[in-house]
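Engineer: Checked TrEMBL, it gives:
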type     : residues                                                                   : note
DOMAIN   : A:53-241                                                                   : domain 'Dihydroorotase catalytic'
BINDING  : A:HIS64, A:HIS66, A:ASP158, A:ASP311                                       : Zn(2+) 1 binding site
BINDING  : A:HIS66, A:LEU67, A:ARG68, A:ASN98, A:ASN284, A:HIS315, A:PHE329, A:GLY330 : substrate binding site
BINDING  : A:ASP158, A:HIS185, A:HIS238                                               : Zn(2+) 2 binding site
ACT_SITE : A:ASP311                                                                   : active site
Amino acid sequence: MSTASPQAYVLRGARPYGTDPVDVVLADGVIAALGAPGTVAVPDGAHEVDATGHVLLPGLVDLHTHLREPGREDAETVFSGTRAAAAGGFTAVHAMANTTPTQDTAGVVEQVYRLGQEAGWVDVHPVGAVTVGLGGEKLAELGAMADSAARVRVFSDDGKCVHDPVLMRRALEYVKAFDGVVAQHAQEPRLTEGAQMNEGVVSAQIGLTGWPAVAEESIIARDVLLAEHVGSRLHVCHLSTAGSVEIVRWAKGRGIDVTAEVTPHHLVLTDELARDYDPVFKVNPPLRTAADVEAVREGLADGTIDIVATDHAPHPVEDKDCEWSAAAFGMTGLETALSVVQQTMVDTGRMTWADVARVLSESPARIGRIDTAQGRPIALGEPANLTLVDPGATRAIDGRTQVTASANTPFGGMELPGRVVATFLRGRATVLDGAVADQMEGATR
Amino acid sequence: MKHLLTTQGLAKDDAILLLDTAAQMAATQSRENKKLPTLRGRTVVNLFYEDSTRTRISFETAAKRLSADVINFSAKGSSVSKGESLKDTALTLHAMGADAVVVRHSASGAAHQLAHGGWLDAGVLNAGDGMHQHPTQALLDAFTIRRHLVGGVGHDGRGTDTSAGADLAGLRVAVVGDVLHSRVARSNVYLLHTLGAEVTLVAPPTLVPVGVETWPCRVSYHLDETLEQWQPDAVMMLRVQRERMSGGSGAFFPSPMEYSRKFGFDARRLAVLPDHAIVLHPGPMNRGLEISAAAADHERSVIVEQVANGVAVRMAALYLLLSGETGQTTDERNAQ
């Protein structure tokens, strides 16, 4: 609060979408200048950032984050979770509805929205529950959440599936009135009672109850047909199987308005990791087979899968330091997502950095209907929501030193490529020189 | 051996050493004084999260006959989702100085986690973890099969066991029943295969796990066909849990009668087998469901002998775990 106008920045030699280097000036919350190195006018007092060799992306947007507040502040808070998001290069997150109380009323979504504004690290867009208490029985007041200060557009019972076909149909229809989308956690409940991991070779050997691919695929197949019938748009959360990719590909071929996401962990990890019963690898949907990993990579590369979303799911130690069957589902992901996408898709030559911008920023912003503010082009006059990444860096992942309040990363002990050097939210640095700011100027807590 | 957690990956030499040691232990059990001083001063904890009178008593008997101090820690009611955590129990046992922990738990992997979670130094002996493994059951089954079908011990249990050092090469074993939920089946498939036997699993398709194709065995959906055409040397019947047939649309087979007709073992099916064939069951039996009284009590049934052999096998396992020369696992030895 020391100056009337916020700090200006100049990024020297940054490569937008991995292309030729430019200098970029950020001032007054927007991209104030952009041009060949040494050719742009730099305001007095601008902070110089040496971005030589670094890739400049639009600020990342996560459509699927669990911030846990209200209710499970022992796992994560809006403050700690959004700070982790900034560290991972994000400038906006969608906070899933499975809080306690559930984000199923205007009051609760406004509370989460306000907590996000107070923290100041990223834009927080609460996801509204589809059904009251995620109970799967009665529609929540979707319109009230849409009309609230939080302007909810994404609705999901994530963690639970809207399995009743009539209720799903109604939800798909109802949200059309305010251009909303139902984001389905596709899991047929009867086929997954007591399910612990992917059903297949590994589950058969190690004696854990299987979570069959068909339990995901059958719901996706039903939902795309429902979406076609009622002319609604559908978003498929964290699809994880080769069959799901095929169904979505088929649906898009028919012109059905469906989008799909894959998590970073489903792009790289397999169910073989369950063999030592370390619950850090327990997640829902479960880690699948190498063939599924290949299929989701192919689907992401060819556009069948629209976006990568983290499904960042922090849990306290005691919920993971126990028997596999007693452990919670989920893994953290905000601080490793970009690195995993680089490793699996960019470094393998399957995607360009422009594709990364599409799947981690532009498309999630569009699906969440926040694309007037986020996921914007890197161009003159656009909001300065930007992420600067050093793709040549490698870093060792350690759950204990991450910014998130929980340590349950599945990548602990691994080396991942790429490092977020700076993140800017409307021109203000949330991360600078690889260090995440302790407190955002103007934040109220 | 530091731990005995699973038969999958158990080296053949180690398996035969366990069986041979069990044979030596069994020989001592016909004496008037059955007690050996071998594990005097060592503490064995029986940590049972699931009810299992038979297995617990078998381990307790085995440990006591080796002169170990035995502590029974019944954690029943400490379900996996509430009460004291597995970790806290492990830390407690560590603080008490347990030398070996025999663990029975409803969660698959619990024994593995106790052994490798960094909570406990003691050797861990898996006495059954969820649907995963029950290695001493498979060892006692293999021991029983070897005595009779390799070692020349008669159906009546008489005769000298001459099978020391031998494997089960060429023997055919049918394992019949609820394979899906059975740690006994998983343990036996791997151990019997390692020892050179051929295994056929026989079950309705609903009780065979998806992914079974990588197991070293054959799968059949037809008991009569298997018995008649494959002529197994041993038939192992698995217990069918009552709850598997209830649950409405989730039931695994239509009715107990149908199961019994198609997969129950009775005198008629026994008559189809070769004369030397034996019948096993891990117990407790559902007489009239998976096995008829006539078959269970037949002279070729070795079910009661399995119980006695269980004590000998568990003595062998405790002995090898606690007096092992290296205190290392096979994996660790191989890694060095």
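Yeah, the Cβs are placed from backbone N, Cα and C, and that goes for glycine too.
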Engineer: Under 8 Å Cβ-Cβ from A:LEU67 (substrate binding site), six or more apart in the same chain: what's there?
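Structural biologist: Non-local contacts for A:LEU67 (substrate binding site): A:GLU76, A:THR77, A:VAL78, A:GLY81, A:THR82, A:VAL93, A:ALA95, A:MET96, A:THR99, A:VAL112, A:VAL124.
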Engineer: Output, ordered by sequence, the same-chain residues six or more apart from A:HIS238 (Zn(2+) 2 binding site) with a CB under 8 Å from its CB, or 'none'.
Structural biologist: A:HIS64, A:HIS185, A:GLU261, A:VAL262, A:THR263, A:HIS266, A:PRO285, A:ALA309, A:ASP311
Engineer: To which of the binding-site residues A:ASP158, A:ASP311 does the lowest count of other Cβ atoms within 10 Å belong?
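Structural biologist: Taking A:ASP158, A:ASP311 as the binding-site residues, the minimal 10 Å Cβ count falls on A:ASP158.
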Engineer: Starting from each candidate's C-beta and looking 10 angstroms out, tell me which of the binding-site residues A:ASN98, A:ASN284 has the most other C-beta atoms.
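Structural biologist: Within the set of binding-site residues, the most crowded position is A:ASN98.
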Engineer: Please list, in sequence order, every residue of the chain apart from A:HIS64, A:HIS66, A:ASP158, A:ASP311 whose Cβ lies within 8 Å of the Cβ centroid of the Zn(2+) 1 site.
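Structural biologist: These residues sit around the Zn(2+) 1 site: A:THR65, A:MET96, A:GLY159, A:CYS237, A:HIS238, A:ALA309, A:THR310, A:HIS312, A:ALA313.
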Engineer: How far is it from A:HIS315 (substrate binding site) to A:ASP158 (Zn(2+) 1 binding site), counting Cα to Cα, in Å?
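Structural biologist: Cα of A:HIS315 (substrate binding site) to Cα of A:ASP158 (Zn(2+) 1 binding site) measures 16 Å after rounding.
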Engineer: Relative to the Cβ of A:PHE329 (substrate binding site), which residues of the same chain, six or more apart in sequence, are found under 8 Å away?
Structural biologist: A:LYS282, A:VAL283, A:ASN284, A:ALA313
Engineer: Roughly how many Å lie between the Cα atoms of A:ASN98 (substrate binding site) and A:HIS66 (Zn(2+) 1 binding site), rounded to a whole value?
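Structural biologist: Rounded to the nearest whole number, the Cα-Cα distance is 8 Å.
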Engineer: Round to the nearest Å and give the CA-to-CA distance linking A:ASP158 (Zn(2+) 1 binding site) with A:GLY330 (substrate binding site).
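Structural biologist: On Cα coordinates alone, these residues lie 12 Å apart.
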Engineer: List, in sequence order, the same-chain residues at least six positions removed whose CB sits under 8 Å from that of A:ARG68 (substrate binding site)?
Structural biologist: A:ALA75, A:GLU76, A:THR77, A:GLY81, A:THR99, A:PRO314
